[in-house]
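K.L.:
Here's the feature list from TrEMBL:
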TRANSMEM  21-40  transmembrane segment
TRANSMEM  52-69  transmembrane segment
TRANSMEM  90-111  transmembrane segment
TRANSMEM  117-134  transmembrane segment
TRANSMEM  141-159  transmembrane segment
TRANSMEM  165-183  transmembrane segment
TRANSMEM  213-233  transmembrane segment
TRANSMEM  245-262  transmembrane segment
TRANSMEM  283-300  transmembrane segment
Amino acid sequence: MNKNNKKVSRVKACVRALRPYHIAKNFLLFIPLLVGHHYFDQTSLKNSVIGFLVFCLLASSAYLINDLVDLEKDKQHSKKQKRPFAAGELPLVVGFILAPCLLVFALGIALYLPLNFFLAAITYYSLTLLYSFFIKKQKWLDVILLAILYSIRVFAGMTLVENGYSLWLIIFVLFFFSSLALLKRYAELYDAKLENKETLVGRAYGLIDSARLVFLGHTSAYLAILTFIFYIHSNKVLFLYKTPLLLWLICPCLFVWLRRLWYFAQQGKIHDDPVVFTVRDKFSWIMVGLIVVISLCALPI
């Protein structure tokens, strides 16, 4: 019985190491499918689902490598010390074997998709490794790269649908997730302050950077909304929507949504990755629902 319990415990630890709750980030691949109204195109839908699976595998592989690289630092972190490898719940050899296996499997599947998608997948994985081994220790550069990684997910989705490319959409995602990446660093600093620490373990940020993070985070949020306005007036949107002016109603939704996230962060109410927090937050789902309803109202009848 004890052996069975140990096996179950190890399987659970293995699943946790893959960070399944971060799967939500890969749903960004479906944005081009949705905003381009290709949801009834079987080929685009099938390719997007397969692309989503590829990025889930790539992300899990990258998370395993990241946890192996940060093992000693995670052991010193109040929350990250609970991760499977840092807590000793999972042998390190599991990570060394599983990470390359997931990578090979993901790239093998990606070969059946368009070449541009394959290149996007390779670029994404290469940049995640660059982040894990070097960039995460570089102040400001780390948040820029995190935003780029989110943008690559959207670009990868664009390669899977016909006429899916939109520069304004890419720029919007870049600014939107720059704000969330800055928020993540701010939230980490807030927690560090509560633990009487002046700096973040394994990061180049200190408490002195808090005000700058807030300023840059809000600026990125406002630039995201401004970019969305330009997107509304792009030729692609004018072609896809009968009443594109209705899409302006999405702007206050984005403002309230992002402003609320930053307010919560400044109140010390966000301790996780802001994307994970958003997935668990009922108000965020209400905002997403409103955005969907507004988009549907702007469609041709």
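In case you wondered, yes, glycine gets a Cβ from its N, Cα and C as well.
Note that the structure is predicted; figures quoted are calculated from it, not measured.
For each feature listed, report its degree of burial, its nearest neighbours and the pertinent distances within the displayed model.
P.N.:
Beyond its flanks by at least six residues, the transmembrane segment (21-40) meets 48, 51-52, 55-56, 59, 63, 150, 153-154, 156-158, 160-164, 166, 169, 173, 240, 273, 275-276, 278-279, 295, 299 of its own chain at Cβ-Cβ distances under 8 Å.
When Cβ-Cβ distances below 8 Å are used as the criterion, the transmembrane segment (52-69) is approached by residues 17-20, 22-23, 25-27, 29-30, 83-86, 92, 95-96, 98-100, 102-103, 105-107, 109-110, 113, 117, 121, 124-125, 128-129, 131-133, 153, 156 of the same chain, each at least six residues removed from its ends.
Outside the transmembrane segment (117-134), and at least 6 residues removed from its termini, the chain residues within Cβ reach (under 8 Å) are 47, 51, 54-55, 58-59, 61-62, 65-66, 69-70, 103, 106-107, 110-111, 142, 145-146, 148-149, 152-153, 155-156, 159-160.
Residues 25-26, 28-33, 48, 51, 55, 113-114, 116-117, 120-121, 123-124, 127-128, 130-131, 135, 165-166, 169-170, 173-178, 181-182, 184-185, 203-204 of the same chain sit 6 or more residues outside the transmembrane segment (141-159) yet have a Cβ under 8 Å from a Cβ within it.
If one looks beyond the transmembrane segment (165-183) by at least 6 residues along the same chain, the residues whose Cβ comes under 8 Å of a Cβ in the stretch are 28, 31-32, 35, 142-144, 146-148, 150-151, 154-155, 158, 213, 216-218, 220-221, 223-224, 227-228, 230-231, 234, 236, 258, 261-262, 265, 270, 274-275.
Beyond the transmembrane segment (245-262), the same-chain residues lying 6 or more positions past its ends with a Cβ under 8 Å from any Cβ of the stretch are 176, 179-180, 183, 214, 217-218, 221, 224-225, 228-229, 232, 237, 270, 274, 277-278, 283-284, 287, 290-291, 294-295, 297-298.
A Cβ distance under 8 Å defines the sequence-distant neighbours of the transmembrane segment (283-300), meaning residues of its chain 6+ beyond its ends; these are 35, 37, 240-247, 249-250, 253-254, 256-257, 260.
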K.L.:
Would you mind listing the long-range same-chain contacts of the transmembrane segment (90-111), meaning Cβ under 8 Å and 6+ residues beyond its ends?
P.N.:
10, 13-14, 17, 50-51, 53-55, 57-58, 60-62, 64-65, 67-68, 71, 84, 117-118, 121-122, 125
